[in-house]
Amino acid sequence: MNEKQRLETSAQINPADKKSVKDYSQYFQSVYQPPSLQDAKKRGKEEIKIDRGFIIPEDMLNLGVGRKFYIRTYGCQMNEHDTEVMAGILTEMGYEPTDSVETADIVLLNTCAIRENAENKVFGEIGHLKTYKKRNPNLLIGICGCMSQEESVVNRILQKHQFVDMVFGTHNIHRLPQIVKEAMFSKEMVVEVWSKEGDVIENLPRVRKGEIKAWVNIMYGCDKFCTYCIVPYTRGKERSRLPQDIIEEVRHLARNGYQEVTLLGQNVNAYGKDFTDMKYGLGELMDELRKIDIPRIRFTTSHPRDFDDRLIDVLAKGGNLMEHIHLPVQSGSSEVLKLMARKYDRETYLELVRKMKERIPNASFTTDIIVGFPNETDEQFEETMSLYREVEFDTAYTFIYSPREGTPAAKMEDNIPMEVKKERLQRLNALVNELAVQKNLALQDQIVEVLVEGESKKNPEILAGYTSKNKLINFKGPKSAIGKIVKVKITQAKTWSLDGEMIEEAVEVN
Ligand code: SAH
Ligand code: SF4
Ligand code: F3S
C-alpha cells in the first residue's frame, strides 16, 4: 500500500463540525472506498511483500504509561489472535490490561461481521459504552475488526455514535499507535479503514492469552468468495506468511513451554498458493512443523476444495499432528453447494472424508452448516441431515443463513420463512446432539490423553482439559498437572463434555 492509497482510504472526521451528518457522511465517502466485489474479484497475483519494519515510534512509546486498556473480542480465532497483537502493541506503549470497562482508559471492540446478530450485539455494546464515556470524557473508545471494514457500519457509527473516538479496520492493526495518538490529541473521530489489504507484517508484538496453547497465523484473507460470506471483503485477499517465519514462531513457542499450537487461516488449505517463486503448501509446512518438539499441532479452518493428498499423507504420519479435522461442509445438497459457490459437491465431500478415514483411521471430523440458504427445499435440507449421519461428525457449528450486504447471495431472495429456518436448525441440532452423545458414550471406560488447561470454570476442585480430538474432559487431579498432558480414564459421558479420573501424571510424547 503506498502513501496515496493510504490517504485515499483513511479519514479524520470531526462529528462536532457544523456540517450536517449527511455532509460528513458524503465527505467520508469521498475519501473512503469500501472493498467492492468487483474489485475483489479482480484480485491478481501481485507479489505479497513481507514488511519487517514494524516499530512503535519513540513519541508513542510512553503514551499509555499509567493507563489501562480493555479489549472485547467477538467472532473467530482470527479476531482472538488479532486482539493478542493489539494487546501486544498497547503493552509496548506502556498500557496495562484491565478486565473491566470501568477502570479502562481505552476500550476497543474487536468486532465480527459474519451474521446480522453478531453485528447487533456490537451495536448494543457501543450504546452501553456511551454511559462510560459520559462519566469519563477522557476514555478512548475504538471500534475495530471485521465490522469496521463495512461502509454501512462506518456510516452508522458516524451518524449515530459520534462519541466513538476511533474506527480502524483489519488491515490497519499495526497502525494502532498512530491511531491512538491521533485520537488522544485531537477532538476528531479518527477513521482509518484501508479498503485494500497491505503486505504481510512481521515482528508484531503479542500478548498471548495463555501459556499452554497458542495461535499462529499462517495466512491472512480469503479468496474463495462463497456467495453468502463477508470474510473475503473484510479480510482481503489471501496472503501467506513465509514458512521460515511460521517455523521460527512455533519453535519459539515450544522453547517457551507451550504445549499446543493452532495454525490459523480462513482457508488454511490455500496456504502457499500466493507464493510465486516456490511450490509449497500446507502439507509441506506441516511436514516441517511436526519435527518441532511441541506436543500438539492443530490447524483451522480447512476448505474441502483445497484439501490435497499431500496434506492427508502428512497428517497420516500422526505424532504431534492432531487427528481432529474441522471441515466445514455448509450443506449436504449439491444444488445448494453450487449456489453457495463452494466449488465441491456432496459426492466429492463424502469421497474426501472416506479417503481421510482410510488414511487416518483415528480421525474425527467436525463441521459448519448453514440452514435456510435461499431456495433451500425440504429435500435439500434432508440431504444435509443424511450427509451428517453418513460422515458421523463429532459435532458441528450450525447457523441460520443471514444475508450480508454486498455478497452475491444477498441479491438472491431470502425466501425461506424464519419459522422454517428455525425448525430446520432445531432438527439439525437434535441430530448433532444425538451423534455427540453417541460419540462420547463410545469413550466410556477408555483412557484418553488430556492437555490440562486449568481449573474447571464451575468447580475449582476439578481440572479441565482437551483430548487430541478436542473433547472437553473434567476430572479430579493435582494442580501440578496443569500445563501437562496426562492420562485420564473416562467415567461418564455427557453431551458436550466427559468426566474422568486421572490415572497417570505425565505422558511421554513421541
Ligand atoms: N473460513 C471458514 C469459515 C468462516 S465463517 C470456512 O470456510 O469454513 C464460519 C462459519 O460461519 C462458516 O463456515 C459458515 O458456516 C458460517 N457463515 C458464514 N457466513 C454466513 C452467513 N452469511 N450466514 C450464516 N452463516 C454464515
Ligand atoms: Fe467465507 Fe468461504 Fe472464505 Fe470460508 S472459504 S471465509 S466461508 S468465503
Ligand atoms: Fe467474524 Fe471476521 Fe472472523 S467476520 S468470523 S471475525 S474473520
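Just so you know, glycine gets a Cβ as well, placed from its N, Cα and C.
What TrEMBL says about a protein is an automatic prediction, not a curated fact.
From the options 1-21, 316-336, the stretch TrEMBL describes as region 'Disordered' is 1-21. Proximity of the binding-site residues (Cys76, Cys112, Cys146, Cys229) to ligand 2: a Cβ under 6 Å from the molecule is found for Cys229.
Close to ligand 3, meaning a Cβ under 6 Å from one of its atoms, are these of the binding-site residues Cys76, Cys112, Cys146, Cys226: Cys76, Cys112, Cys146. Excluding Cys76, Cys112, Cys146, which define the [4Fe-4S] cluster 1 site, the same chain contributes Tyr74, Gly75, Met78, Asn79, Thr111, Ala113, Ile114, Ala118, Gly145, Val231, Thr234 within 8 Å (Cβ to the Cβ centroid), listed in sequence order. When the binding-site residues Cys112, Cys146, Cys229 are checked against ligand 1, Cys229 have a Cβ within less than 6 Å of one of its atoms. Sitting within 8 Å of the Cβ centre of Cys222, Cys226, Cys229, and not among those site residues for [4Fe-4S] cluster 2, are the Cβ atoms of Lys224, Phe225, Tyr228, Ile230, Val231, Pro232, Gln266, Asn267.
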